[in-house]
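Trainee: This is the structure I have questions about; it appears just below.
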């Protein structure tokens, strides 16, 4: 685990974005942890979040021309990541996002920001069922751009309804790499360093054993 990944876990814990306990997911599964990126909700949170996303992008080595944030959660993520890449990595890249409903006045169209072209890096909070990615792919393909990759904050590394995860389905269906700031494996590595969190470690390991990919 890299220093920025450990820092991201601590940031998420401090903001109660990441919690350990017993939680029932939408799928009906009982999970020993819960991650709610919507609680990154202040100016400072967003500034820090952008730096973690930018760090993960640079670390990945994936080449791309533009950041795309799917509405709605992806919009602030794309914006703050673009700022962080420019400020901390000297990479001044365009970004854009979609509207849920197209406008018929003003700028018009369903996109806001830069023209959607070239190699697109899609940024979002998490992938649950992959629906937002599929909707975004329709937009990207309609503009004759290509999907360079997808970056999310957390990869739960667990099976969907079939034998593979929603993330693996996206990689298979679109031939792109999905990267994340942290994974379930990183969470386990972090818990292993914290003797006072041993009870959570056992529960998360058991969950991975049952649902992991």
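For all residues, glycine too, the Cβ spot is worked out from N, Cα and C.
Checked Swiss-Prot, it gives:
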{"type": "BINDING", "residues": "26, 72-73, 99-100, 103, 105, 124-132", "note": "5-phospho-alpha-D-ribose 1-diphosphate binding site"}
{"type": "BINDING", "residues": "34, 35, 128, 156", "note": "orotate binding site"}
Trainee: Using a Cβ-Cβ cut-off under 8 angstroms and a sequence gap of six or more, which residues of the chain neighbour residue 73 (5-phospho-alpha-D-ribose 1-diphosphate binding site)?
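Mentor: Once residues fewer than 6 apart are set aside, residue 73 (5-phospho-alpha-D-ribose 1-diphosphate binding site) is near 37, 38, 124, 125.
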Trainee: Compared by Cα position, which of the binding-site residues 34, 35, 128, 156 is the closest one to residue 100 (5-phospho-alpha-D-ribose 1-diphosphate binding site)?
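Mentor: Its closest listed neighbour, by Cα, is 128.
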Trainee: Relative to the Cα of residue 156 (orotate binding site), which of the binding-site residues 26, 127, 131 have a Cα no more than 10 Å away?
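Mentor: Near residue 156 (orotate binding site), where near means Cα within 10 Å, the binding-site residues are 127.
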Trainee: Just checking a number: largest C-alpha distance across 34, 35, 128, 156 for the orotate site, rounded to a whole Å.
Mentor: 13
Trainee: Could you name the residues, excluding 34, 35, 128, 156, of the same chain that surround the orotate site, i.e. Cβ within 8 Å of the Cβ centre of those residues, in sequence order?
Mentor: 25, 31, 33, 36, 126, 154
Trainee: Does DSSP give residue 26 (5-phospho-alpha-D-ribose 1-diphosphate binding site) helix, strand or coil?
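Mentor: In the DSSP reduction, residue 26 (5-phospho-alpha-D-ribose 1-diphosphate binding site) maps to coil.
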Trainee: When you measure from the Cβ of residue 156 (orotate binding site), how many other Cβ atoms are you left with inside 10 Å?
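Mentor: Excluding its own Cβ, residue 156 (orotate binding site) sees 25 Cβ atoms within 10 Å.
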Trainee: Quick one: pull the CA-CA distance for residue 131 (5-phospho-alpha-D-ribose 1-diphosphate binding site) versus residue 35 (orotate binding site), whole Å only.
Mentor: 19
Trainee: Other than its own, how many Cβ atoms are within 10 Å of the Cβ belonging to residue 125 (5-phospho-alpha-D-ribose 1-diphosphate binding site)?
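Mentor: The answer is 21 other Cβ atoms.
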Trainee: If you count Cβ atoms within 10 Å of each one, which of the binding-site residues 128, 131 comes out on top?
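Mentor: Its Cβ has the most other Cβ atoms within 10 Å: 128.
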Trainee: Where does residue 73 (5-phospho-alpha-D-ribose 1-diphosphate binding site) sit by DSSP, helix, strand or coil?
Mentor: coil
Trainee: Reduce the DSSP letter at residue 127 (5-phospho-alpha-D-ribose 1-diphosphate binding site) to three states and note it down.
Mentor: coil
